[in-house]
Structure formats: C-alpha cells, structure tokens
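*Asks:* Take this structure first; my questions come after.
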Amino acid sequence: MWIDALYSSFDYLIKVIPPIVIGTIIMDILVEMGWVKKLGFLASPVMRFGNLREELGVSFLTSFGSSAAGNSMIAKLHDDNYIDRKETIIATMVNSFPSSIVLSRDLLPVVVVLLGTTGLIYLGIVVLIGFLKTLIALAAARVLLEPKPHGEIHANIEKIPFGQALRRASKKSGRSLKKIVLTMAVVSIIVFQLMETGIFDWASSLMSNSFLIRYVPAEGLPIVAGWFASNIAAYTIAGNLLTAEMLTPKDVILALIVGRILASVPRIKSMLPYYAGIFSPRLGVKIMFVSLMMQNGIMVAIVAFIIMFW
C-alpha cells in the first residue's frame, strides 16, 4: 500500500517541480539583470490599483503561461523579504484570473468535444470565477495594503551580461529550490499515504451530504460523483447525459459546478503539497484555504444565480 502511495507522490512531483524550478530561476535572472520593471510595467496598472509592488506584475503575466511558475515568483519575492505574508497571500489570489485562462485553455479540446456549446458556457463560468477572485483580491488589497514604492528591487542593479546573471541566479535560486523541493516531497508523500488510509474518502462522504445536492436533478448526481474520481470523468458522464437528452444544458452546468464545489476536499491532496512546497507549510496552508474559501464562495453565488435567473 505505502509503495503505491510513494509512486503516486513521485509521479505528482515530476509534473509540478519543473515549472516551479523554471519560474524561480527566471525571476532571479530578471532581478539580476534589472528586467523586472521593464516587463512588470505591462501589468503595473493592475498592481497599482491593488497597492501591490509593480514587480509582482511579472508573476501575473507569467501565470498566463504557468500558474506554478507565477506562484514560484511570488514565493521568491517573499523569501527575499521584498513582500510580507499578507501581500504574498493577496498576490497569489490576484493570479487567479490568468490561472483560470490556463485551465480553460487546457480543458477546451476535451470539454468542447464532450459538451459542445454547453462546454463553452461552462468554461466561460470557470474564467468568470477566476476573474471575480482576482477582482475581489485587488479590492481587498486596495483596502488592506499601503501604496508601495515601485522599482525598488532593482533600483541600484548594475548591468551585467546574461551569462553572469544566469550564474548568479542559479546560485541564488539553489538555496530556495532545495527547501521547496524537500518540503514538497515530504508533504506529498504524507498526503498520498493518508489517501491510502481512506481519510479523504471519508471527508468526501461528508461533503456529499451538502445542501447543494438538493438543487441537482437526480439524473445529474452521477456527474457530481464523477468529480470525486476526476474532472475528466465528470465531463464524460455529463456529455453522455447531455447527448441522451436526460439533462438540459442548465442542469449539466449546475451539476458540474456543484460537483466542483463538493470535490474541494479531494483536491486538497494535490493542493497541499503544491502550496506547502512553493511557499512554506504554514503559509502554504493559509493560501490554500483562502483560495478554496474564495473560490467556493463565488461558485455558491453562481449556483444561486443560475437557480434564480436561468
């Protein structure tokens, strides 16, 4: 049993560590060469609105390509004491919109083939969730944070060749990456071992008794159950039910959103090592729970909107 869990944790680590390593090294190279401001200005209006450092704009832009790389850049700025814990948590939430774009881009071929136009509507809702999450985080940042000086990180940086910057960045990133990889490996092994004990299945069974279930048609319950296996399983079941005309597009979207909410507990098994590894275990857990609460709160509001107005 524990050997299977060990293999599962290694398989997970192989997928998530490379973009984290790349993101951390790129951030250090940008800082060493003074390019942070040159690139960060593209997202500077967004950062200024939220009283966030302009340098965080690079992380925001990077998240349109890889959320792991973008978050690792935030972690690097935190580790180097350029941003505090509060700004770190908020900056991670601000990256939700680009992350939702990446998620939708990856799911587009599968969801459109299985669900057609209904799938496009669902992906639009996924992007909307990320956008609202970013908007709420920026509004909170504007209230909670003081305006920050911009360009301070690289104010006195000399111009150096790329090769020298790469050597400096690699040496500097090495210290952070050792801690990140070690923490992520330990937490991943623990989490996947706990999965073998059935603790996440038990927690999922509690979630299945949620009041939200009553708003899903009986024919749509297999979609909700599918989420506890994987999102692809849920989409496949939804596609079959939609094709058989057993559910309307509204019912399918409602079942998919409710299933995504209720599957939050199983998702912790991948979110916990991800956040605890990129940041620290304590900060990572805080970020994970803030992210889940914001996302689920927005999705519950969307479910209520669909029930009342569709």
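Residue positions begin at 1 at the first shown residue.
Note that Cβ sites are derived from N, Cα and C of the backbone, with glycine treated the same way.
TrEMBL annotations: computationally assigned, not manually curated.
So TrEMBL says this about it:
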TRANSMEM  12-35  transmembrane segment
DOMAIN    13-117  domain 'Nucleoside transporter/FeoB GTPase Gate'
TRANSMEM  107-132  transmembrane segment
TRANSMEM  180-200  transmembrane segment
TRANSMEM  220-242  transmembrane segment
TRANSMEM  287-309  transmembrane segment
*Asks:* Within the domain 'Nucleoside transporter/FeoB GTPase Gate' (13-117), count helix residues (DSSP H, G, I), strand residues (E, B) and coil residues, in that order.
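*Replies:* Its residues divide into 86 helix, 0 strand, 19 coil.
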*Asks:* Any idea what the model's mean pLDDT is for the domain 'Nucleoside transporter/FeoB GTPase Gate' (13-117)?
*Replies:* 82
